[in-house]
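This is the feature table in Swiss-Prot:
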BINDING   C165, C168, C223, C226  Zn(2+) 1 binding site
BINDING   C183, C186, C209, C212  Zn(2+) 2 binding site
DOMAIN    5-79  domain 'J'
REPEAT    165-172  repeat 'CXXCXGXG motif'
REPEAT    183-190  repeat 'CXXCXGXG motif'
REPEAT    209-216  repeat 'CXXCXGXG motif'
REPEAT    223-230  repeat 'CXXCXGXG motif'
ZN_FING   152-235  zinc finger
Amino acid sequence: MAAGKRDYYEVLGVSRSATAQDIKRAFRKLAMQYHPDRHKGEGETVQKQNEEKFKEVNEAYEVLSDTEKRGMYDRFGHEGLNASGFHETGFNPFDIFNSVFGEGFSFDMDGGSPFDFIFSRGKKSRQNRVVLPYDLEIAVGVDISFFEMTNGCTRTIEYTKRVTCSACDGFGAEGGETGMVSCNSCEGNGFILKNQRSIFGTVQSQMLCQSCGGQGKQAKHKCKTCKGSKYKKVPTTKEIQIPAGIYHGDALVDDHGGNEFGGHVGKLVVHVGVLPSKIFKRVDHNVVANVLVDPMIAITGGKIELPTLEGIKEFNLRAGTKSGEQIVIPGGGIKFTKNFRKKAGDLIIIISYARPSEYSAPELRKLKEFIKPNQEVKQYLNALKNEYKS
């Protein structure tokens, strides 16, 4: 192996059996990671390290992406490439980068949108590149009640999405592609040269032309249908299934429900809000409710009415039920769908004593006949007295 040269497969992080697609995918990731424009202002040492990495990655890709060069490298290694004169001829890493990403590519987003995305129409040429005029993803919100959350529900949502203008095929020009002329701003190049000062002196970089979006062309006359916007708005109705047990703030995603442009389709993201209940509270997959009962019924036992997710139901409260005591009804909680869990949660009822009813004097005298010392109160008073003695 040539002195100082790393194995090209190791450089790209792929195996020797990697396909051309695997190699290109690895190159795109590493080239973006080490591109000098991404490390401006990080210090001379860091910039130098990334420049060397960038050159190394591009060199490895130039060899492994070429069937003939890769075959020679696999058989004879770096020495074989040296014999063929590859290492002596030199190369420009930016030429390789631009051949993959396009000549108009730039990390400079001045005046651009964070949603700008370049794709090709047919051949990968500068004239065919198109910048998406809008984000493809659509986000909407929908609120459901606590009861709907516990059992799951169906919601119909209405929203407006954008689709490619069929009159101009997304070019924004009258007559479509035939109505496009050379861009005045970039003179048909698709990019604008920009001089920037750096520690190495004045560096010239390419910036995507914002006037034509990197196409090198612009509309001679705007499309009469879309007024040059390249799209039309379409009112859309969609029915969505909201599973039981969904949490407040969770999102449901339809991979093909978003905006469309030039054959690309975005996602529809539905953010679900769960309205709070005045009765119930969620604790994981269980449902908790505080229930007021008459102290006399709690003492003597009897029928009370309990709130459940299916409605109000009668329940026989045993005699001597204490305030704060819990009644657990298995399976009475959230009924998760198969997408979450198969077992339903529990309904937990917490008993609280209501204010005692008002009784007449004769009734109170009669009730006093049944009063006997309360052992819990007696223990509390003894502890209180001991506290004062200490």
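The first residue you see is number 1, and the count goes up from there.
Using the three backbone atoms N, Cα and C, a Cβ is placed for every residue, glycine included.
If you look at the structure here, what lies around each of the features I listed?
Taking a C-beta cut-off of under 8 Å and a sequence gap of six or more, C226 (Zn(2+) 1 binding site) has these contacts in its own chain: C165, A167, C168, G172, K232.
Following the DSSP three-state reduction, the secondary structure of C209 (Zn(2+) 2 binding site) is coil.
Summarising model confidence by region, the repeat 'CXXCXGXG motif' (165-172) averages a pLDDT of 91.
Note on the repeat 'CXXCXGXG motif' (223-230): DSSP counts are 0 helix, 0 strand, 8 coil.
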Quick one, of the binding-site residues C186, C223, which Cβ has the fewest other Cβ within 10 Å?
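Each of the binding-site residues C186, C223 was scored by Cβ atoms within 10 Å; lowest is C223.
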Fill in the CA-CA distance, C183 (Zn(2+) 2 binding site) to C223 (Zn(2+) 1 binding site), as an integer in Å.
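Counting only the Cα atoms, the answer is 17 Å.
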I need the neighbours of the Zn(2+) 1 site defined by C165, C168, C223, C226. Which other residues of that chain put their C-beta within 8 angstroms of the C-beta centroid, in sequence order?
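Other same-chain residues near the Zn(2+) 1 site: S166, A167, D169, G170, F171, G172, A173, K222, K224, T225, K227, G228, S229, K230, Y231, K232.
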Mind telling me which of the binding-site residues C165, C168, C183, C209, C212 has the densest Cβ neighbourhood, counting other Cβ atoms within 10 Å?
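The residue with the most neighbouring Cβ atoms within 10 Å is C212.
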Compute the C-alpha separation of C223 (Zn(2+) 1 binding site) from C209 (Zn(2+) 2 binding site), stating it in Å without decimals.
21
What other residues of this chain sit with their CB within 8 A of the center of the CB atoms of C183, C186, C209, C212, the recorded Zn(2+) 2 site?
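Residues close to the Zn(2+) 2 site, other than C183, C186, C209, C212: N184, S185, E187, G188, N189, G190, F191, I192, Q210, S211, G213, G214, Q215, G216, K217, Q218.
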